[in-house]
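Database features (Swiss-Prot):
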type	residues	note
TRANSMEM	89-109	transmembrane segment
TRANSMEM	130-150	transmembrane segment
TRANSMEM	162-182	transmembrane segment
TRANSMEM	185-205	transmembrane segment
Amino acid sequence: MSVKFQEEATRSIRADTKELAHKVGERLTGGNAQTGYLALYLRQLQSNPLRTKMLTSGLLSGLQEVLASWIANDVSKHGHYFSARVPKMTLYGMFISAPLGHLLVGILQKVFAGRTSLKAKILQILASNLIVSPIQNAVYLMSMAIIAGARTLHQVRATVKAGFMPVMKVSWITSPLALAFAQKFLPEHTWVPFFNIIGFFIGTYVNTHTKKKRLEALRKVQSTSRTK
């Protein structure tokens, strides 16, 4: 009797779990009724493209800073990972990164609208890597320099000069793959958020690496000062 009750309870739990997973998936993807969060987001992306991209980019940029600080164990002077850089990164994502991406990717899509040949797709990838990416990366590095405390043109220029080619090398590896995927599988109005997500992971990696190097250099300076 006890074994039978246990089996029935197990089946009931499995059924409830399956139903819950189904409902969560339906809410996320929209299911057949198109009422999920993804469907709602895509509708907002079509009806209010720039606003939706600004909110998406701002959220991802702020989250990127918090996540990179957590991975690198870079705590603020108050002992937590939410530093003054987080709201600055959020503002950068909303008012610089998103509008710039909206403009540049929009131009790229208009130039190649209706052109689906292999040659056109290759040209679009080349234009993205040789025109769009350099502009976005230069603006990104200038913004990061200012957020980090650069106040003179020389400081900003030095930051861009030092970081431009390393960032471009990462872009030249990831951008063709991301754009080829977008060309094949995604509607054009979802491209900018998709690239924002790709940029989120790349930016988190670069930001984490930079923080770790800075903390390591700081520890070396502190260790040297103690031995003197």
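Cβ atoms are placed via backbone N, Cα and C, with glycine included.
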Message = Which range wins on Cβ pairs under 8 Å with the transmembrane segment (130-150): 89-109, 162-182, 185-205?
response = 89-109
Query = So which residues does the transmembrane segment (185-205) touch in its own chain, when a touch means Cβ under 8 Å and the partner is 6 or more beyond its ends?
reply = 42, 45-46, 49, 52-53, 56-57, 60-61, 63-64, 67-68, 71, 97-98, 101-102, 105, 109, 170, 174, 178
